[in-house]
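Peer 1: Dropping a structure here in C-alpha cells format, bear with me for questions.
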Amino acid sequence: MPQDFEKNFYLIGARKNFGCKEALPAKVESAIKVALTKDASTAQEIYYNFHSAKLAGLAVDDKVRTTLGKNLQTVLKKDDSLNSLGHAFAVAAELGSAGTFAYDRIEEAFVQADEVDGKMLQFEGGLSITALIVNGAFKLATTLSKPAPITTEQAVKFATYFLSRASVQTPKGVSLLLEALNLLATQKTIAPVCIRLADNGQLLPESPVLRVRVCDLLGKPLSPALAALSTTIVSRTSSDVLVSKVNLVPNKDDSTLFTYNLKSASPTRGLYRVDIEAAPSYKQQLQVSVLGKVRVSSLEVGVGDTDSAASSVKRHSVAHPSKLPTVLNADSQQKVLLKTVLVDDVSSKPISVHQAFVLLRHQETLQEIIFVAETDSSKAYKFEMDVGARASDFRYKSGLYEVHLIIGDALLSNSFRWHLADLELKFSASEGQHQSASVETASLRKPLPEIQHQFRAPEKRPPRFVSDLFTALCIAPIVILFALWARLGVNVKNFPLSLGSLGFHLGLGAILVLFVIFWLRLNMFETIRYLIPLALFTFFCGNRMLRKIARSSTEK
C-alpha cells in the first residue's frame, strides 16, 4: 500500500498536470510543510516530500535544502540499497551544493549493474530501478557541472536494455522509459546513435535497394546530421565482397533515411552482412537477404507398375503453371512418380529450396496428405509413391485426388503452390481393412468417453470368527485380572482416602477410557491432545499418593 507521502505526491502531480483550479486541501499542504522540517526515515520519503512541495509551489529555501541534505546522508548510512541511492540522486540533483556528497556515491551504484549477454546493462529490480538510477545520476552530474557518470560503451548497453523494454505496459514504466531514453539522447558526448534497417531486410531481385535508418533513441533526426554514411556488403556464404565503402544516399523527404541501390552490383540470391560506418566513430553490423525467383525448368509425372524400373515408366511433361489435361489412374499394384528441376530465374542454374512438398487432396472429402520431395545428385526433386504400401495413409479412400507441388524458401520472392494434375486412386483393401479404417475414421469424429473416477474397492474383511477371537483376546487380560482378585481376595481397607489417591485412580481410569475412545473414533493426534493433560494430572496425583504412603510407613 502506498504511504501518505506517496499519495500526496500523486495527488499534487495530477492536480498540476490536469490544470485543476481548486485550491490544494489545507490538510495536505500542512502535511508537506511539516514533513520538510522533520527527519525522514527513508530516501523515498524525502524524494516524495520534496517533489510534492516543488509541484505544489511551496518555497524551499537554502536552510531547508541543507537540512534535507543532512537527513539524506543519515538515511544513506543506514540504507544504501540501489532503491535508496536512486531516490537520493534525484533529490540531491535539486539541492544544489547541499547535494554534492551524493556524486561520490554514483560510481558505487553503477558498479552494481548486471551485464546481460555482453550487450545490455541493467540493475537488479528491472526497469524502474535502472531508470531511476540512470536518470538521477545524470541529473546530479549536470547540476554539479560534472562529467557524465558512465562511458560511451556503458551508455550503449543501457540504451540497448531500455529499447528492449519498449513493450512495457504500465503508465509508470512508460514514463520512466521515455525519461531515460530522452535523457540519454540529449547527452552530446556519449549519446548512442540508432543505426538499423528501415524495413524487413529482404531485398527484391527487381529492385535491390538497401534502406538504412539513422536516428537517436527516440527516432528523431540527429542534430547535427552525419556528414557521410558508408557501407561494405559481404556475402555470408562465400565471403565475397559485393560492394566496398560506398556512400549511402540521404533521402530528401526523410532526414533519418539513407538508401543505396545494389542493382549495378548484380547481387545473387543469398544472405549478406552489411557493415555500416559513420563519422566520427559510429559502426553497426546488419544482416540482409537478397531474394531470388524460382522457375520450374521441367516437371514429369507418370504412373507405372510397382516392380518396374523408374526409367521405363511412361511420363507426362507439364509446364508451369498449366495442368495436365488427362487424369492419371493408379491402383494398388502401381506407383506414382514425379520429377522436377527448379532453377534460378536469372542464372538458370539448379537451386535447392527449404520446402518441396507433394500434396494429394481428395476432391470430395478434401482430405489431404503431404509427402516430402527429395533431391538427387543432379539437384532434381523426386517423389515416388507405392500406392499399395501407402493405402493405410489414405485410409483406403479411393477416388479422384488433386496433385499439388508446394515450393517455399526464405530467399524466394515467388514461392508457389501448383495444381499440376489429377490422379484417380483405387485401393483393393480387404473387407477387414475397410471396416477397421471406417471404424477408425468414425471414432476420430466422435466424442471420447466420459472419464468416471472410481475409488479403490475396499479390502476384503476377515471372517466373523477371527474378529470375535481377536476381541476376546483383547478383553482376556482384564477378565484374568478380576478373576485373580476374586481368588486372592481383594483388600481395600488400606486404600488411602486422600485427594492424591482418588486423583491417581481417576486419572488412570480416564486414560483407559481414552484408549477405548481412541479405538472407536479418535485419531492419534486428537488422542495425544487429550492424553497429555490426563497424564500430567495422573503423574502429580500418583507422586503425592506415594509420598503419603511412604510417610505412613515411616511413622509406623
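Heads up, the Cβ atoms here are built off N, Cα and C, so glycines get one too.
In case it's useful when we look at the structure, here is the feature table from TrEMBL:
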type     : residues : note
DOMAIN   : 3-185    : domain 'Ribophorin II N-terminal'
DOMAIN   : 193-290  : domain 'Ribophorin II second'
DOMAIN   : 298-425  : domain 'Ribophorin II third'
DOMAIN   : 455-551  : domain 'Ribophorin II C-terminal'
TRANSMEM : 469-490  : transmembrane segment
TRANSMEM : 502-522  : transmembrane segment
TRANSMEM : 528-546  : transmembrane segment
Peer 1: By Cβ distance under 8 Å, which residues at least 6 away from the ends of the transmembrane segment (502-522) in the same chain are close to it?
Peer 2: 530-531, 534-535, 537-538, 540-542, 544-545
Peer 1: Across the domain 'Ribophorin II third' (298-425), what is the average pLDDT of the model, as a whole number?
Peer 2: 92
Peer 1: So, by DSSP, how many helix, strand and coil residues make up the domain 'Ribophorin II second' (193-290)?
Peer 2: 3 helix, 54 strand, 41 coil
